[in-house]
Amino acid sequence: KMRSLAPGIKLITSFSRDSWYRFFILILTFVFYTTYHLSRKPISIVKSQLHRNCSNVIHPADLNITDNDTWCDWAPFDKNNYQNLFGVLDNCFLVAYAIGMFFSGMFGERLPLRYYLSSGMILSGLFTVLFGLGFYWQIHSLWYYCLVQALNGLVQTTGWPAVVACVGNWFGKGKRGFIMGIWNSHTSVGNILGSLIAGVYVSSSWGLSFIVPGIIIASAGVICFLFLVEKPEDVNCTLPQHHVRSLTGVVEFSLCLLFAKLVSYTFLYWLPLYIANVAHFDPKEAGDLSTLFDVGGIVGGILAGLISDYSGGRATTCCAMLIIAAPMLFLYNKIGQNGLPTTIGMLLWCGALVNGPYALITTAVSADLGTHECLRGNSRALSTVTAIIDGTGSIGAAIGPLLAGLISPTGWNNVFYMLIAADVLACLVRL
């Protein structure tokens with residue numbers, strides 16, 4: 001009599017070798033891009049520690065204090081222009097990222113993806129760690145932090161084109177909005193983990209808020225070097241069927257992404273500080289609360305993918321979400337601080353509506369444009385198209401936080417008006 005197979009083994013053998021490899025690649029690329037965002041996020045949490053109201057902080061007895069409000073701040077961020085300096089810091093990263101993105105696609109085409117990705121992650125780890133070492137080395141020069149941020153921005157551009165090209169090589173046609181919607185939550189998962197990890201150390205020794213994420217992304221780089229399979233044919237798997245779509249919409253998608261990222265990245269970099277300033281939470285609480293925006297973002301991305309799969313209209317889904325997002329942002333600014341439940345609810349809603357379109361565009365791009373017949377089987381072209389679109393988007397990502405830094409001293413209301421305007425523009429360029 002034949003013994004029945006154990007249920008676990010039954011499950012494992014019910015999937016083909018191809019399916020297992022695809023699943024493995026999806027998990028691997030998800031983890032890699034999560035670490036990219038995880039190492040990008042700490043700066044936004046640490047900001048509210050580098051400059052805080054010191055009059056409530058108990059100071060050591062042996063310290064002779066001249067300035068009651070700023071004695072505990074980290075120079076050079078102890079002056080009144082600290083918001084501008086934080087804006088400069090964000091921009092060193094984001095401008096380098098936007099510029100690097102236009103070249104990254106070209107390098108990604110010419111170098112093996114595995115080497116490209118793993119070296120990018122290890123270098124990114126190095127620069128993230130160097131920022132944190134500023135705490136231990138007692139560095140108070142804005143130039144140092146800016147340089148490290150800019151170098152990190154450059155090497156972080158290795159991530160997106162390479163990861164998308166790899167996924168493009170392995171996955172073919174079909175309803176990919178849902179799978180990709182889940183996969184695309186790497187951005188939000190990375191932001192959440194980055195915030196939480198940074199939050200653990202922010203009040204005791206903020207250097208570790210950078211050093212720990214730096215070590216994590218560098219370790220992931222080593223894993224990438226050891227395990228990444230670039231193409232199905234490298235391990236004798238069958239090639240995916242690519243479907244033919246017309247290569248329209250690169251310009252519209254790029255511009256729409258520019259405005260969507262402007263909003264998304266302003267939140268990414270300024271939300272903890274906004275919560276700390278307006279609702280008077282301490283740095284750790286503000287950081288933890290800001291992760292709710294990303295939790296909403298995960299749900300928004302998956303929902304957007306599902307809706308667009310069933311309605312077949314990506315642009316329409318995008319637009320609908322952006323149209324609802326504008327009044328939501330307005331509401332959040334008006335009532336978002338009326339107690340904890342309101343704050344939580346509004347953050348989740350805004351996250352879903354702001355991040356849904358952003359996730360949809362980036363994945364739609366990787367899915368449809370990349371599998372066009374003139375690019376078929378050509379992961380090189382795919383990484384270039386991705387880099388062009390993401391590069392344009394990154395200009396928005398750079399402008400948003402910069403404007404927030406310039407506008408926030410005039411009042412947070414004005415920052416929200418800017419975000420609402422950007423959301424409306426994102427929708428208009430798609431029409």
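These residue numbers are counts, starting from 1, taken along the chain as shown.
Cβ coordinates are placed from backbone N, Cα and C, and glycine is handled just like the others.
Among the features that TrEMBL reports, domain 'Major facilitator superfamily (MFS) profile' is placed at 25-431. The feature transmembrane segment is assigned by TrEMBL to 20-38, 85-103, 115-136, 142-171, 183-202, 208-229, 250-271, 291-308, 315-332, 344-369, 381-404.
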Same-chain residue ranges lying at least 6 outside the transmembrane segment (183-202) that approach it to Cβ under 8 Å:
26, 29-31, 33-42, 44-46, 49, 167, 208-210, 212-213, 216, 268, 272, 283-284, 287-288, 290-291, 294-295, 297-298, 301-302, 305, 351, 355, 359, 362-363
Please report, as numbers and ranges, the same-chain residues at least 6 past the borders of the transmembrane segment (381-404) whose CB is under 8 Å from any CB of it.
87, 90-91, 94-95, 97-98, 101-102, 104-106, 108-109, 157, 160-162, 164-165, 168, 250, 253-255, 257-266, 268-270, 361-362, 365-366, 369-370, 374-375, 415, 418-419, 422
For the transmembrane segment (142-171), what are the same-chain contacts with Cβ under 8 Å, counting residues 6+ beyond its ends?
21-22, 25-26, 29, 32-33, 36, 39-40, 43, 76, 85, 88-90, 92-97, 99-101, 103-105, 107-108, 113, 116-117, 119-121, 123-124, 127-128, 130-131, 134, 179, 183, 228, 230-232, 240, 362, 365-367, 370-371, 379-380, 382-384, 386-387, 390
For the domain 'Major facilitator superfamily (MFS) profile' (25-431), what's the mean pLDDT in this predicted model?
85
Top stretch among 20-38, 85-103, 208-229, 291-308 for CB pairs under 8 A with the transmembrane segment (115-136)?
208-229
